[in-house]
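Worksheet: the structure to be examined is printed underneath.
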Amino acid sequence: MATLIVSALAFVVSAASSIESAVLRRKSSAYNVSEVVASLATGIFLLGFAAGSLVSGPLSEILGRNIVHTGSTSLFMVFIMASGLAPNMGAQLAFRFLAAVFGYPPLTCRETLIFPLYAILSLGGAVRSPVIASYMGRGTISWRWTNWIVLIMAGLVLGLIVLFQPETYSPLLLKWKAHHLRQLTGDPRYQSKLDLDHTSPLSCIVTACGRQFTLAMYEPIILLLALYMTILYIVLFTFFDGYTHIFSDVHDLSQGLTNIIGVAMYVGIKLAGLIAPGISHLGMTMATTTPPPQTDNPPPTKAPSLNPENRLWYAMIGVPAIPISLFWMGWTDYKNISVWSPIVGSSLFGFGSICMLISSYMYDLCAAPGSSRHRHECHPC
């Protein structure tokens, strides 16, 4: 249940990031701005994610995951509502930025064991949200319903968090247990690590921020992954706004069909799930064990363990699909070429993107489990 709730929250926040790209023209007309300016509402979410990542990890280590999930989701809902009621484009950009800042903590405070599932759901939320808003802004349905739908979904997930989500941060659980034992026994010697740590929250945040830059400076693989994921997400979010040109302007498709075509990218994402058993088998066959020392009483043989580099098979297989798909779509986006050509190309892009995302998560987790959260804060997604 906890896994499903956290994954649903990831889907909602990711959906909020791109859902307004489906009503770009309606919104630009309502605010009397160009489509380029209106598209900033999608891009501003990435900046908000970057800002939110700086404080989300440290706060979860001080307050626990549940209170961070509950508090940040509540504020996320407030600013999504404000975004839907914004009277002008400037106000909406400010509110969407703040919504992204408070929406990002659930994307960081996640269970590391569900990274592959989490990656598929979070990226799938961003890809499928324009489909949800395919026919909004037409007839009597206002384009502002993109915000109301996100608000409704976030409210439902918040209710599930409050009712069913358990606290999973073990140091905080030990603190609660020590407090309970002190009450039962009256013995003040029952102390947890958090009880003995008197570091201020501000100091923890500053230290965590410094740790992110330290990792980026002294771990080249982290810096390269961060740069690559940054470029990948820039291209992905550009796609959301560029679909209007590719399919509406060139192939004369309606707004609804243009947004529904976004499902093709999700098909590529699901294809990555089909090759998961094969990649896992490939990794296990390459698992290595440390040779036991030559002694009279050799230790028992350990089970094979995967090297972190073996987790990069997803990326090695999927990443070449990213430039191939971009050239494919660019070279075949003509009126005299079938619309199915760029559709298949976008599916290939989804396949490559999710493979890279899963590899970056799993490599960091296996290379240094203790610092995995801070590593992911270096390249928020």
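Yeah, the Cβs are placed from backbone N, Cα and C, and that goes for glycine too.
What you see is a predicted model, and the numbers here were worked out from it, not measured in a lab.
Here TrEMBL flags 1-18 as signal peptide.
Look at TrEMBL and you will find 37-55 (among others) tagged as transmembrane segment. Non-local neighbours of the transmembrane segment (37-55) in the same chain are 16-18, 20-21, 24, 27-28, 31, 89, 92-93, 96-105, 107-108, 205, 208-209, 212, 233-234, 237, 240-241, 376-377, 380-381; each lies 6+ residues outside the stretch with a CB under 8 Å from one of its CB atoms.
Marked as transmembrane segment by TrEMBL: 114-133 (among others).
The feature transmembrane segment is assigned by TrEMBL to 145-164 (among others). Long-range neighbours of the transmembrane segment (145-164) within the same chain, counting only residues 6 or more positions beyond its ends whose Cβ lies under 8 Å from a Cβ of the stretch, are 1-2, 5, 8-9, 12-13, 15-16, 19-20, 22-23, 66, 69-70, 73-74, 76-77, 80-81, 83-84, 132-133, 136.
If you look up TrEMBL, you'll see 221-240 (among others) marked as transmembrane segment.
Annotated transmembrane segment per TrEMBL: 260-279 (among others), in sequence order.
Taken from TrEMBL, the feature transmembrane segment applies to 312-331 (among others).
For 343-363 (among others), the entry in TrEMBL reads transmembrane segment.
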